[in-house]
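Chemist: Structure below; questions to follow.
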């Protein structure tokens, strides 16, 4: 499916050619066959690609393991109390959630486990053995990701019907089921990721390539782009120089891959390489060492599968915002990530919360200092949340629009999913003179900093108010988001 453009025994590029961006000479080490594994620790872990030393990373990085847990029934004491709120007991769940790997719920009662990719390491080249790769490369190739698990229950539709007794809620379920990312969509992205990791390891044998963003968090749709993070070392990377340099090398490599088209280097605060995979038709954004994106992907994934109503309401809100043109950070409005945090914050701050603060309740699972290669396994033991709030999807959507129309104080408050509350806006540089303040759960930056014009801010607030008033009056999703046209697109 993915033909290799650089066969074993051939260098990725002609050594006569210089660096693609003309700023740096191409180091000879990068032009040697497969960049000898013995050279890799110096090139990757201990240098910033211009000869200056960098802090060495840990040497005991484990394999990236997505293995499903054994299909054993939960014990009689699977339920737990957290801040006075009772968790689901494993005895009442069709999945083993007590000691499972985060991504792969396993059905009981004789049902087979969810089908997914087997956790195997990429096959070594003709001159390399499996033991040689493992011995010299602690950042071993990442095994494939699993299929997206269903919501809590073997039939997601029947699970959601309990919250879809009215017309508006039923419309939300219909839109969600039509537009949500399917397991086959994720598989296509994962196949490309795995192949690209093998290609990139021709230049940098010790790197690991992660799928991140909505594709893996559970909030993606059928046409979502995919984010990739290339982790080259444990220490931070100079984004202005080293990240651009590495992406320039990879861009030259991608020009030689027949299944990749339009590789374009974008020199932003976090530079990215944009390209399209011809096989899957997916647009990708590749960054270098922007590891906060991996951390927040698995935090959001934990919220996505903690409560079955979370994913439908977020998908509808994202589609609504896109329809009304307030979901484009490049044009000064809200990013999809910011919208997700806004919905989670609302669900956390209800008198009877739909979800808790997972960072508060499970700090060991989401520690900002956790080694980045252990992040995917961090939240694997978190059970689903049992909320006493039984509001329908339609009621929650109405409440969301009302909250940001009449309740939340844009000029005085900061949205914090980490603390599950609105924090007072301080006079720090991060929040001062900002129209919308949404705290990134790990690094504390403002995810809504793109909204820097008052006219755009006023348009966002006006759309919340207008949609709330219309939906409250009509109780029909079509009046704020045309369902048929949205599904067809």
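Here, residue 1 is simply the first one shown, and the rest follow in order.
Each residue, glycine too, has its Cβ placed from N, Cα and C.
Okay, these came from TrEMBL:
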REGION    48-157  region 'Disordered'
COMPBIAS  128-139  compositional bias 'Polar residues'
COMPBIAS  140-149  compositional bias 'Pro residues'
DOMAIN    168-304  domain 'Poly(A) RNA polymerase mitochondrial-like central palm'
DOMAIN    392-446  domain 'PAP-associated'
Chemist: Across the domain 'PAP-associated' (392-446), what is the average pLDDT of the model, as a whole number?
Modeler: 96
Chemist: How many helix, strand and coil residues does the domain 'PAP-associated' (392-446) contain under DSSP?
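Modeler: DSSP composition of the domain 'PAP-associated' (392-446): 15 helix, 11 strand, 29 coil.
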Chemist: Tell me the residue counts in helix, strand and coil for the domain 'Poly(A) RNA polymerase mitochondrial-like central palm' (168-304), as DSSP assigns them.
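Modeler: Split into helix, strand and coil, the domain 'Poly(A) RNA polymerase mitochondrial-like central palm' (168-304) gives 64 helix, 32 strand, 41 coil.
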